[in-house]
Amino acid sequence: MRVCVIGTGYVGLVTGACLAHIGHDVICVDNNEEKVKLMKAGQSPIFEPGLSEIMQAAIQAGKIQFTTDLGAGVSHGDILFIAVGTPPLPTGESDTRYVEAVARGIGANLNGGYKVIVNKSTVPIGSGDWVRMIVLDGIAERQKTLVPVGGGRAEEKLPEITAQFDVVSNPEFLREGSAVYDTFNPDRIVLGGNSSRAVAMMQELYAPIVERKYAEDQSLPPVPVLVTDLSSAEMIKYAANAFLATKISFINEVANICDRVGADVTQVAKGIGLDSRIGNKFLNAGIGWGGSCFPKDVAALIHTADDYGYEAQLLKSAVCVNQRQRLIAVEKLQQALKILKGKTVGLLGLTFKPDTDDMRDAPALNLIEQLNRLGAKVKAYDPIVSQSGLRDGLTGVLVETDPERLADGCDALVLVTEWQQFNNLDYAQMAKLMNHPVIIDGRNFLDPEKMVRAGFQYIGVGR
Ligand code: UDX
């Protein structure tokens, strides 16, 4: 099928490359020329395991193109994905101006055959109908610019824009760091819309994935496809993320109680996770959830509830627990070192989770800020983020080039991100280089006994 993906951020590019990989003819549109140049050369602007490989294969097979020309994209695609960012505004609402600009642009370029416009961006509930309205506005604006056919007074007739389209909501559930894997091995596909023609086209698009042709385990039954109305599909995305975030906040709260009563949250999580009604996933206690999705989506859902006169108390509490949890490492440092002023703290990991270079809403940012405020010097080591790769304006942290340089002269270490390689560092050597060999394991990732043998005072979260 002919597909156009507008916006080549993490969701758009992964979607485009994976659809090309399964044989569709894809064109990806982005207004950033530098990025388009990079992608044409087969390079991914984001770090996502396996992505550049499938991009390069699709380029070679002639299945994917990259352009800044929205008009070319719109005329190419029978299915048009809107996959631009919806960053949070200070109020917690999503900033939908990029979606609006794209929808208007689609309208201004529509002409000819039937198109399915797909909301892939996480948009506020109700956006399906709103996108339809903006596309129609785009068509009307273009109509105004057209010159009458023939130009003469006698034939004051405008050429007709024949635009037939439907809007579908198709939320993504990709995790950063395993987005390609998740695309080929989804738990479910959600399609929201009231046009059976559009839904049928989406089902055809995803058929190879539904039949698990690209799955790790091809013997599994087909992927469930849930067809709903527009608002329910939009709500599913928010509710799924809010549930997962709340589940983590729940176990973090349990961890804080474990700390006080002397129980071990990792054993408690195992014990409750074996109950199939609870499940064992997303029960790792630590320094809280971050990233580009959970904080933004939970805030947006709270805001939507407010807009409709409902106070989402449970979700607000999940956010409160998370805000407090991000600073739990500072409390533990104060207990271990007492005065932090003049001390040096080394952070192992900066990104909000492993296997990504993403620092959006990462707990490390709150730690750096709070430690600086208390007069501590902060150093860090991350397998991917270097000093030059730090986000503009982020100060107060010196990024070292290896873990031993990080440990040198530190009064304590905090494991912030559970990168696999942090299991195999030479901790005995690192302990020797430190003023106080204290380690706060912010992800309950390390083996406490091994750390004690290496010479560390080990402090976990709720364990
Ligand atoms: C999430 C959702 O999982 C995905 O379905 C959605 O499309 C986007 O948001 P992502 O943000 O990539 O994906 O990361 P995820 O692996 O879900 O982790 C989110 C945060 O929760 C991270 O900060 C992680 O460290 C934290 N987390 C996760 C925990 O603290 N404990 C856990 O048990 C699991």
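Numbers run from 1 along the shown chain.
Cβ atoms here come from the backbone N, Cα and C positions, even for glycine.
Note: TrEMBL annotation is automatic and uncurated.
For Thr86 (NAD(+) binding site), the Cβ neighbour count at a 10 Å cut-off comes to 22, with all displayed protein chains included. Secondary structure at Thr86 (NAD(+) binding site), as computed by DSSP, is coil. For Asp30, Lys35, Thr86, Thr122, Glu176, Lys296, Arg360, the entry in TrEMBL reads NAD(+) binding site.
A C-beta separation below 8 Å, combined with a sequence spacing of at least six in one chain, links Glu176 (NAD(+) binding site) to Tyr10, Glu48, Gly291, Ser292, Lys353, Asp355, Thr356, Asp358. Residues or ranges marked as substrate binding site by TrEMBL: Phe173, Leu174, Arg175, Glu176, Lys237, Phe282, Leu283, Asn284, Ala285, Gly286, Gly290, Lys353.
Among the features that TrEMBL reports, active site, nucleophile is placed at Cys293. Under DSSP, Cys293 (active site, nucleophile) is assigned to coil, being neither helix nor strand in the three-state scheme. In the structure as shown, the Cβ atom of Cys293 (active site, nucleophile) sits within 10 Å of 25 other Cβ atoms.
The feature domain 'UDP-glucose/GDP-mannose dehydrogenase C-terminal' is assigned by TrEMBL to 346-448.
Helix first, then strand, then coil: DSSP counts for the domain 'UDP-glucose/GDP-mannose dehydrogenase C-terminal' (346-448) stand at 29 helix, 18 strand, 56 coil.
Closeness to ligand 1 is met by Phe173, Arg175, Glu176, Gly290, Cys293, these being the recorded positions among Thr122, Phe173, Arg175, Glu176, Gly290, Cys293 whose Cβ falls under 6 Å from the molecule. Separating the Cα atoms of Arg175 (substrate binding site) and Thr86 (NAD(+) binding site) is a whole-number distance of 17 Å. Look at Arg175 (substrate binding site): DSSP puts it in coil. Checked against Leu283 (substrate binding site), the binding-site residues Asp30, Lys35, Thr122, Lys296 differ in C-alpha distance, with Lys296 being the nearest. Neighbour density at the Cβ, taken as the number of other Cβ atoms within 10 Å, is lowest among the binding-site residues Leu283, Ala285 for Leu283. Per-residue confidence over the domain 'UDP-glucose/GDP-mannose dehydrogenase C-terminal' (346-448) averages out at a pLDDT of 95.
With Lys237 (substrate binding site) as the anchor, the candidate recorded positions are Thr86, Thr122, Cys293, Lys296, and the one with the nearest CA is Thr122.
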